[in-house]
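K.L.:
The structure that follows is given in the form of structure tokens.
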């Protein structure tokens, strides 16, 4: 698990490093590199104990690409996510769950994690289906729970600041940061 986690993060960091250098005309954009590494870490989490090194390199690299692409898409759609939480945890997390359906090895050590191989290792589509269903269920649960909590907050203390406070900025009004 430690080796696959390290290799996934390293591959993801390399993708962010090279991508940043190429896209930004030979200049490095540090948030891309950091978010790529984080995306690689999130991507490998679901299957780190039951996958191999080469698979972890693929999982981390794809996770980094997905983080960078989704972050760019959110910016184009004018969706505010200053710390790229949606891209790093949401998109890379979904990829991590789905990648487990592709790359998981049958657990022959503890015989606890997985009793079958993923699709790439000849295990068929079963595990991929289970992992995809997990993504759907987790997304639905999160959306419904968040909606209920946000409605309750809005009905009690409110979600928005006043227009004047919004113009001044929440950093200034809420945190006294100028």
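Cβ from N, Cα, C; glycine included.
According to TrEMBL, the protein has these features:
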{"type": "DOMAIN", "residues": "2-176", "note": "domain 'Ammonium transporter AmtB-like'"}
{"type": "TRANSMEM", "residues": "6-23", "note": "transmembrane segment"}
{"type": "TRANSMEM", "residues": "28-47", "note": "transmembrane segment"}
{"type": "TRANSMEM", "residues": "53-74", "note": "transmembrane segment"}
{"type": "TRANSMEM", "residues": "86-105", "note": "transmembrane segment"}
{"type": "TRANSMEM", "residues": "125-153", "note": "transmembrane segment"}
K.L.:
Which listed range (6-23, 53-74, 86-105) shows the maximal number of Cβ pairs under 8 Å with respect to the transmembrane segment (125-153)?
P.N.:
86-105
K.L.:
Residue list, the transmembrane segment (6-23) vs rest of chain: Cβ under 8 Å, 6 or more residues beyond ends.
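P.N.:
Distant Cβ neighbours of the transmembrane segment (6-23) are 29, 32-37, 39-41, 43-44, 48, 53, 56-61, 63-65, 67-68.
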K.L.:
Tell me, what is the mean pLDDT of the domain 'Ammonium transporter AmtB-like' (2-176)?
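P.N.:
92, rounded to a whole number.
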